[in-house]
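Sharing the features that TrEMBL gives for it:
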TRANSMEM  21-42  transmembrane segment
TRANSMEM  62-80  transmembrane segment
TRANSMEM  92-114  transmembrane segment
DISULFID  CYS153-CYS176  disulfide bond
TRANSMEM  215-239  transmembrane segment
Amino acid sequence: MSPPSRRLQTKPVITCLKTFLISYSLIFWFTGVILLAVGVWGKVSLEAYFQLASEKSTNAPYVLIGTGAIIIIFGLFGCFATCRGSPWMLKLYAMFLVLVFVAEFVAGISGFLFRHEIKAVLGGAYKDAVTNYNTTDPKSSAVDTIQKTLHCCGVESYKDWNTTKYFKDQGIPESCCKEDAVCTVEDLKDLDKARDFVYDTGCFSKVTTLMESNLGIIAGISFGIAFFQLIGVFLACCLSRYITNNQYEMV
């Protein structure tokens with residue numbers, strides 16, 4: 001058994017570490033809420049863009065939502081483990097933080113390295129969606145959503161629709177019409193007349209700019225949260241060690 005004075009010196013350190021780790025766990029819990037919110041936002045706001053790049057709806061927003069939910073649960077677990085002062089719970093919490101750090105770091109690096117490939121894939125997919133536009137399939141719906149939301153038309157300009165099968169039957173899609181314009185089928189079938197009623201800016205540049213900026217935001221959040229995990233790992237390991245040593249010294 002160690003001298004009482006040494007145990008008295010250890011107790012304030014443990015109390016201090018507990019305070020820091022509980023504060024950290026609450027912040028960690030809040031980052032889970034942020035990831036959950038980003039996932040929901042991505043699902044609602046970026047679904048049309050993801051729809052173009054894949055045959056089926058992408059799982060990326062669901063991954064963020066799931067990760068956020070897990071972080072929320074383990075953030076609460078971290079607070080519980082700290083209050084209990086259980087070494088094995090603290091070690092489990094530290095292991096989870098390491099796993100989250102690795103996963104988020106890899107995700108951030110992948111998004112940064114493959115951003116140009118994502119841009120190329122998205123550009124090709126958008127051109128294909130415009131060429132095969134028919135108003136019924138999900139990609140055509142995504143094109144309509146993008147054109148209405150970004151106030152654009154076609155790939156490079158509204159003239160891109162002139163080479164599509166849909167243009168020969170229906171003209172330029174109504175989703176290209178300006179908000180204050182009244183478009184008729186006759187106007188949309190004539191490129192010269194349509195120029196006054198539809199957006200003349202192409203969607204490709206706007207889509208890629210929007211996607212790159214949003215990917216940058218997501219990657220930045222991922223990197224920030226990932227490196228934030230290292231603080232938790234350090235605190236959890238230190239607290240676990242002090243508690244274990246304190247228990248051993250009392251024997």
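Using N, Cα and C of the backbone, Cβ positions are placed for all residues, glycine too.
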Which residues of the same chain, at least 6 past either end of the transmembrane segment (215-239), have a Cβ under 8 Å from a Cβ in it?
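Hits for the transmembrane segment (215-239): 14, 17-18, 20-21, 24-25, 27-28, 31, 34-35, 38, 42, 64, 78, 81-82, 85, 90-91, 93-94, 97-98, 100-101, 104-105, 107-108, 111-112, 115, 118.
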Relative to the Cβ position of CYS153 (disulfide bond), how many further Cβ atoms are located within 10 Å?
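Other Cβ atoms found within 10 Å: 28.
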Identify, in sequence order, the residues in the chain of CYS176 (disulfide bond) that are 6 or more apart from it along the sequence and have a CB within less than 8 Å of its CB; answer 'none' if there are none.
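For CYS176 (disulfide bond), the qualifying residues are GLN147, CYS153, GLY154, TYR158, TRP161, LEU188, ALA194, VAL198, TYR199.
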